[in-house]
There are 2 protein chains.
Amino acid sequence: MPNIRLDVEYDGTSYAGWQRQPNGIVTVQGEIEAVLSEILQEKINLAAAGRTDRGVHARGQVVNFSTRSPLEHSRIRHSLNCLLPSSICIPSSQLVPDDFHARFSALERQYRYFAIPEPSALMGRYTGCSHGDVDFALMQHLSSGLRGTHDFSLFSREDRDGNGSLCTVREAGWYRHKGVMVFHIAANRFLRSMVRGIVGGMLSAGRGELDPEEYLGMLGGGGGGMRVKPAVASGLFLWRVRY
Amino acid sequence: MPNIRLDVEYDGTSYAGWQRQPNGIVTVQGEIEAVLSEILQEKINLAAAGRTDRGVHARGQVVNFSTRSPLEHSRIRHSLNCLLPSSICIPSSQLVPDDFHARFSALERQYRYFAIPEPSALMGRYTGCSHGDVDFALMQHLSSGLRGTHDFSLFSREDRDGNGSLCTVREAGWYRHKGVMVFHIAANRFLRSMVRGIVGGMLSAGRGELDPEEYLGMLGGGGGGMRVKPAVASGLFLWRVRY
């Protein structure tokens, strides 16, 4: 059976996250699977690179599925783009080898977080707000401390998937673009709400509300779940997945 | 009575345009006036630099009003930002001379239109879509033809305000920014839906559906209303007003 990869972009504002939910709760996975099943006339289960939280966006989510249908992937993609709500789209599709799995074949996930100092009517949908100035140099310093392998359990919501809480961060840092502060991070894996925890804690430190040493100390882990105030979901984007 | 100027930013997606309407139709002016009247305990009428259409956004709308209230303008601004919906905000306020009028004192309005070649889940809210490639050099050429004083009646919806249909365009052109095509235009005044007409006609010409000479010929005017297919509202921003 052909194995098809889709690149997926979505505005997560009005979805209860990526993952399919029962009882009519509207999720991105649920929407795409429903439309795909209608197009292909068979039940489709998507594998996905990242399980984004409620309200989180994606610029480069990756999914795959197998189908008995003889339809070309580009035809499937076209039908999807016609039938999906405008808040979800499929910029590209491709036929991939049988052993490609959007989740397990991924080598690295990249996320970005966009933050602005004051609320904005035009940018609010796609940013978080730091509510005032923050110590940008300090946040840069903290993000360089994230690189390497750490136990991120204190920056994440508890989620017992049995894979532990060690993640290896290859790259993490802030840059500014026209008044917007942008945090980028690349790691082999991410725990639940982890980027929001990392960013929320940094913003607290940047406002002087959290001791920087305490922040870095939490990278030692310990369990017990989120110890920082997570940043709001609207500023976060699953940016890119490397295979 | 103090005369107060507010700079206003809004996401126009869910508003029936700027101008106050009867029968519970939700407009940006209606929302701000309702909140202001509540804060100041008197009926407030706003004068505004630009009367944007349904679905059009503003980065730099300017309004003013007089009030009997002794409240400082910065306090009024703060209260507004607390009480207004998140799709409208007031980035700044100032006390202005008695003769300042947001509409009549304005020397120039600047608009921008953002267009992308393919639909996008993340950018759709703030862009129009050209649905395929367009001849960018041709659109540049057409926009240089807009400069000067012309009768824009064939690029506008009819609206009899008695001021004729001549507008003086100081600047008009396209640039590209990361895959987005951006049109900017500055003029002393704009007729109803005029920027959407100008851009819609250029996109038609850029796709080869409208003869460029016919486009430029329409700058001679003639009346009878919009002769081109206007671009969708979502890509348009009232960008800045000069006084």
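Using the three backbone atoms N, Cα and C, a Cβ is placed for every residue, glycine included.
Listed features, source TrEMBL:
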DOMAIN    A:9-104  domain 'Pseudouridine synthase I TruA alpha/beta'
ACT_SITE  A:Asp53  active site, nucleophile
BINDING   A:Tyr111  substrate binding site
DOMAIN    A:146-243  domain 'Pseudouridine synthase I TruA alpha/beta'
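Most Cβ neighbours within 10 Å, among the recorded positions A:Asp53, A:Tyr111: A:Tyr111 holds that distinction in the structure as shown. A:Asp53 (active site, nucleophile) falls outside any helix or strand according to DSSP and counts as coil. Over the domain 'Pseudouridine synthase I TruA alpha/beta' (A:146-243), the average per-residue pLDDT in this prediction is 95. Residues in the domain 'Pseudouridine synthase I TruA alpha/beta' (A:146-243) partition by DSSP class (helix H, G, I; strand E, B; coil) as 28 helix, 31 strand, 39 coil. A strand conformation is recorded for A:Tyr111 (substrate binding site) in the three-state DSSP classification. The two recorded residues, A:Tyr111 (substrate binding site) and A:Asp53 (active site, nucleophile), show a Cα separation of 13 Å.
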